[in-house]
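Shown next, in structure tokens, is the structure this report addresses.
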Amino acid sequence: MTDSAISIKNVSKQFGDTVVLRDINLEVPRGQVSCLIGPSGSGKSTLLRCMAFLEEANAGTILIEGEPLGFVEGPNGRRKQTAAELRRTRSKIGMVFQQFNLWPHMTALGNVAASLRRVRKMSRKDAEEKAMAQLEKVDLAPRAHHYPSQLSGGQQQRVAIARALALDPTIMLFDEPTSALDPELTGEVLNVMRTLADEGMTMVVVTHEIGFAASVGNNVCFLDHGRLLFHDTPEKVFAAPRNPRLEQFLDTYLDRGAFLVQ
Amino acid sequence: MTWYLFQLLLQASLMTIFVSAISILAGLVFAVFLSAMRMSGNGWLYNGAGLFISFFRGVPLLVQLLLIFNLLPIIGITLPSLATAIIGLSLCTAAYQAENLRGGFEGVPIGLIESAEMAGFSRVQTFIYIRTPIALRLTFPALVNEAILILKSSSLVSVVGLVELTKMAQNLSASTYQPLPIFASAGLIYLVINLTVAFAARRAEDALPGLPAK
């Protein structure tokens, strides 16, 4: 067991000739909120998707709670994990997507209960009881029998969080969880995430919500052009950015903040 | 044209409905299997499904029915005409429905499959619980269209000796010399059946919950 929930070593990724990630090294500490920020196309979503093996890194290793993800080292070099091995490593991870990705043919309750029934093989009654408890945690018990199309974006994202939490992951990955939401709905989703952080969940959050990263994040990673340029506490990153590229990126946010102050 | 003759036609139309309904459902199940074969990633299964679909879409249903009817006894299988009719119609509609379903399966957003993967679903579970139900909803209008086509195509199964609506109308017109009122009645019965199917489908479509966002 290492101290890190996720340990990323020398990870590189390219799509064809386009290099998306260049030699990334990152230790995600247990029980903390790590935020990945950076301009569009900087590779932050790709890095997060690599942590769930939704993208395959071309080089490097990723350990989840000390166990290899996607590839295992064998006597004859590395080989891809079998589907069952991958599922076992992934079972520690819950993932929340920008587009919510709720299954449209199931109710909110059905979405949360599905994996409990099919993967955990719980009885329908037990699965729905546990699913209901998860929905209560995100304040959506009254909407349990609504279909995703009958819910607002913010409600859908909260159901998606409940669905990911139902399988008791130790790590939660969020891929721009509020980017598809208007500011009002963003708030309700961020509140749920804040509660989760207070409970000590290990979280990795790709976000454009600099305010969230500053107030909830324990550490902030700044990516640009596939490189991890900066990795420090939010105080260091936001109060005294020492990197010109980071300063330039944050300036756009400061401009917006300055407008509000006037 | 008497009430008695009309009753005989109505009775025969029950056979039309029965044969068509069984064939459509069996064809749908078979079409899902064909889709699974095509998505399995196995070359043999993929090409097997492709060959099946090409054959049954490319050869007229009438010829298929006559082939099955004459081929099976040669290899030692004798089936009642009802079974022959259902097999012929099912295989044919399976090929068309598999093609419809392909569009549906391709329309399932990749994100929904990724979220199933992250929820721990195996490939087979994802196919059964996520891909197939969504693909079926996406292709529901095409499925209804196919159901109506099969209801009408079922008139061809008279060639294997099954007495359904069309065959009964032929028999009655031969024995009463009143082809016009009898075929007009048969046509009317087909029309009412198909309008009912279309109406019920429209209602069902409205009631089906949530499709993936356009």
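Backbone N, Cα and C define each Cβ position, glycine as well.
Keep in mind the model is a prediction, meaning the values are calculated, not measured.
Taken from TrEMBL, the feature domain 'ABC transmembrane type-1' covers B:9-201.
The transmembrane segment annotation in TrEMBL covers B:12-37 (among others).
TrEMBL lists B:44-68 (among others) with the feature transmembrane segment.
Same-chain neighbours of the transmembrane segment (B:74-96): 19-20, 22-24, 26-28, 30-31, 34, 52-53, 55-57, 61, 64-65, 68, 146, 149-150, 153-154, 157, 160-162, counting only residues six or more beyond its ends whose CB sits under 8 Å from a CB of the stretch. Taken from TrEMBL, the feature transmembrane segment covers B:74-96 (among others).
Remote same-chain partners of the transmembrane segment (B:182-201), defined as residues 6 or more beyond its termini with a Cβ less than 8 Å from a stretch Cβ, comprise 1, 5-6, 9-10, 13, 16-17, 140-141, 144, 147-148, 151-152, 165-166, 168-169, 172-173, 176. Residues annotated as transmembrane segment in TrEMBL: B:182-201 (among others).
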Contact set, same chain, for the transmembrane segment (B:12-37): CB under 8 Å, 6 or more residues outside the stretch: 45-46, 48-49, 52-53, 82, 85-86, 89-98, 100-102, 105, 127, 132, 135, 143, 146-147, 150-151, 154-155, 157, 162-169, 189-190, 193
Remote residues contacting the transmembrane segment (B:44-68) - C-beta distance under 8 A, at least 6 residues beyond either end: 34-35, 37-38, 84-85, 87-89, 91-92, 94-96, 98-99, 153, 156-157, 159-160
